[in-house]
Structures are given as C-alpha cells and as structure tokens.
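**Q** First the structure, which I've put down as structure tokens, then a few questions once you've had a look.
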Protein chains: 2
Amino acid sequence: MPLYFIGLGLGDERDITLRGLETVRSCDRVFLDGYTSLLRTDLGQLEDLYGKKVTIADREMIEENVSSLLEPARTGNVAFLVVGDVFGATTHHDLVLRARQLGVECRFIFNASILTAVGVCGLQLYRFGETISLVFWTNAWRPTSWYEKLEANRRRGLHTLFLLDIRVHEPSEESLARGVKVFEPPRFMTIADAAQQLLTLWRERAQLLGRETDETGAGAFAYDSDTLCIGLARVGQVDELMAVGTLKEFSGKDFGPPLHSLVMPGDLHAVEAEYLASLPRASSLQTLLV
Amino acid sequence: MPLYFIGLGLGDERDITLRGLETVRSCDRVFLDGYTSLLRTDLGQLEDLYGKKVTIADREMIEENVSSLLEPARTGNVAFLVVGDVFGATTHHDLVLRARQLGVECRFIFNASILTAVGVCGLQLYRFGETISLVFWTNAWRPTSWYEKLEANRRRGLHTLFLLDIRVHEPSEESLARGVKVFEPPRFMTIADAAQQLLTLWRERAQLLGRETDETGAGAFAYDSDTLCIGLARVGQVDELMAVGTLKEFSGKDFGPPLHSLVMPGDLHAVEAEYLASLPRASSLQTLLV
C-alpha cells in the first residue's frame, strides 16, 4: 500500500509519464500538492484524463493535518502529485519521513524540473552553481542572503538560476493580525520583480560604497544594471518565452503568465555564447509595464 | 517540420510522457541518442510501445555525419530521443544550433534527470553546488580538475553530485593506433571505481603533504577515506539501490548494473540528517568485490 510521489512535469496534464498515469489510475486516493507549486492546467481536465477525483493538499493540510493524507496510505494506494519533479520542494522530504515513521512505504516517479529544463536557454547544466530562491520582499522582511550565494557563483564563473517566489493559499498579514485567516489570491514573482529586487540591492550597496556604478573585478559588486541575464517564462509549455537582456531592461518587461525564472550567466564557452546570441533580445519584446 | 528533442526519463520505455509519446507517434523518423547515454530497456520493447522504428544515433553520426539526422527534419517531423532530460549532455546544444542554422525549428519535451531525482537521497536540491563529472583514468590521462570544484563546494558547505563516466561505442586506443576503428563494449564507472579514484587522489596528495590522513579545517584536504557519502544506483528504476557509507566502504562495494551516482553531502540541516539516518548503510550490503 505505497504512497506514490508522482512528478507531473512542467506543462499540463499530458506531461505525466505513462508509468505515472498507470500508477495514478491504480490509486484509491489522489492528492495534488497545491502548497509548493501552481498547477498549470485546469483541475477538471486533469481529473478527466486521470479518471480520478483529485484533492488539493494545501499548506494547512501538509503542515498541520498531514494525517488526512498519510492515514489513507496505511490501507490503500495513495498518489501525491507534484508539479515539476518530486523533490523540488523541501517539504516533501519531511512528508517521506513522516510516512516512513507510520510504516508507509514511499515510491517515487520522477519528472521534468525547471532545474534541468533550464538547459533550454543554452547554458550547460554542469556549469551552474548553487540555485537561488528569491522571495517577495515586504516592508518588514527583506531577505538578502541570496547575495552571498550569487557572489560565490560569480566568482567561480558559474551560471546562476533564480527560482522566483510563488505564494499559493497564503493568509494575509492583516488577517493573521486579526486572528482570522483570510487567504490572499495566488501570486507569483515576475522576471521584472526579480530584476527590480536585484537592482534595489545593487543601488543601496553601491551608494554605501560611495559610487553609483560598479567596476568588475575584486571587491566589486557581483553585478550591475547592465549585467546580461536570460528571462524564461512558462518553460515546457506551448507559450514558452525566453529572452536575453540586461537587468535594467528586464525590470520593465512583462513576460506574461507564470511561472518565471531568471538566469545570470557566468563565464561562457564558445557554444554557450553562440547559443545565447541566437536567442531573442529583451529589447524586442513589447513593454507592457511602465 | 520540427525536430523534437524528447526526454525519456530515467527508467524504461514507460517513463516517456504522454506528450512525448504522442509526438513520437507523429514523427516520420525517430532517432535515439546512443552517444551520451545508455538505454535502460530493450530497444525492441521501446519500438513496440512507440510504434516506430528507432535508429540509434551513435557518436560518429552526431559528431561526423549529423546531416543524416538533420536533413530529414527539413521535410518531415523528426524525433531525437534522449535518455534522462534533453539537455543533460552538452552535445545537444550544438545539435540545436546546427539545426537552427539549417532553418529547422527545434522543440523540447522535458523529462526526469538524475540532477533532480537525486533528491531521493534526502538532500535538498537547492543546497547542491556545482555538479562534477568523473571520467575513467587511463595510464596516459588522469584528469583531477574536479578536485577544485569539490573543494569549493565543500568550503561552502554544499552537497556534491558526481556523475560517473559511461563509455558507449568508443573506439579502443589500440585500434585507433592501428588506424582501424574497433569499438569497445559499453562500460560504466561504478560507485566503487569513483570511490577508488577519490581515494587515490587523496592518498597521493596526503603523502605530498607529508601525512597519511588529513584533518578537517582550513588547508586540509576536502575529504578523506572516512568521509560519508551516498551511493545511488539505477535511480528511477524498479531495482533502485541507495546506501550511506564512507569512501573506504564504497571502494569495495558492488551496487550492480548501471547507472551509478555518488553524492558527497555538505552541511546537513535537521531534516536532511534525519533522512540520511533512515537510509540503508553500505556496511549492510553484500560485498561482491574483493
């Protein structure tokens, strides 16, 4: 009576593997991780194809009421569907541990992840350094610990993938202050948001250092407003969009619906440089933001 | 008339996605990358399921006779199947560039890769540093440039994934010297091979430094024979095998058929440590090597 963790890949319901589909159809209960990821298809279409009713496992269920997911796996086959690959989110390791503590066997059916699909931008996967997650800044919380990771990647000439925040089923700060949970609509960080966060930190630090722009080389800031990046939107979907541009350019560009990712290249090999030169330029994209 | 790059994932022919299968069936010609990866299923079974004759694209075709693959894509739909995810191998960027130069549109259908499936070992994917490829040492060629990457990962407390060499359809050195290509049987680097290579470098360097073993801390070697690692074999397949052990232990352990990977953890968070503690120990595996 295993608990199957099944990756759904990056696109719609047809990106499940044959093995994944057969397994879902053999299950008594099917849950979909709706906490760490956004489903990029209609739930009804997914249920029609899989032939199963799907229950959304939101943050509350996974963090506070996980037994409603684990208990059925003690007596029947249960599928836990994850957009992307199975271990994209750290909460899933925790789920596996809790399942095993209950004596529930876990099995894994892997699928595509942005962590390797990002190769579509032309950079070699084995030349990426540590992946960086950017989260939305609020007035009260402006984490900048990503900067050290970025600097370490840049110093070694490595490429950097930025995974951009998504907020699904989050209670609003106001509602928490009032003691009643009211959930905000899902929102996702855009490439423009990410570029603006990077530029904000650069401007603030550059002013501290007493200069408006920064030189390359030892001691300099890890990037500036002219640093060339690659914006990727909806990778693996039919309306995938990808462009090369500077952080300054990206800060005013709209790449459309989720999900967005940003890549900052390190040192380029010949084939990488040729590939990047063949990509569309951000300056050719229509500017929808002011 | 696109050229479709289609990931096959990590297991057998049933690990293709529904989208991938529909696409293969719509193609006039189907090639399988037999240069950078090992197919982990019978070619006949794959052809039966896909309903297509599959041509193996070996190293010679991809490096010297790529037009036999690209020309059909100028007039019809062509699929290029890749074990794992599409951009796992750097040669594929080169193929995309050449295709685009001929005016052939390229499309990508992503799938699982060891680069993210490795999360099954319990370590968080975003805490991995640069991925390291280990190649077979020969008498004439003993590359050790991986050491610097490993040291940089270790210094930052990051985990390291070692991808282990596979040699598919390689001409033997003797045959090249005679001017006639005779191909060696496919061979793959085992976890034991990898551990032995790491230990060899450590022993040689430790002797240079005038000491048999090494301390942790500044200036010390990045690992020693007691460094704890995770061995992973056949991830994503039914006979997947995973164990925790020291490099010394791994150097004498047989994990069975390909493919093998090795992970050296960096600093561990609480959940990571708990997960690793729940994995089988290498010492409990039957020793088949001397």
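Each residue, glycine too, has its Cβ placed from N, Cα and C.
Curation does not apply to TrEMBL; its annotations are automatic.
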**Q** In TrEMBL, the S-adenosyl-L-methionine site includes B:Leu10, B:Asp85, B:Gly88, B:Ser113, B:Ile114, B:Val235, B:His260. Which of B:Leu164, B:Leu176 does it also list there?
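**A** The candidate from B:Leu164, B:Leu176 that TrEMBL ties to S-adenosyl-L-methionine along with B:Leu10, B:Asp85, B:Gly88, B:Ser113, B:Ile114, B:Val235, B:His260 is B:Leu164.
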**Q** Which of these binding-site residues, B:Ile114, B:Leu164, B:His260, are close to chain A by Cβ (under 8 Å)?
**A** none
**Q** Taking the Cβ of B:His260 (S-adenosyl-L-methionine binding site) as the centre, how many other Cβ atoms fall within a 10 Å radius?
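**A** I get 26 for this one.
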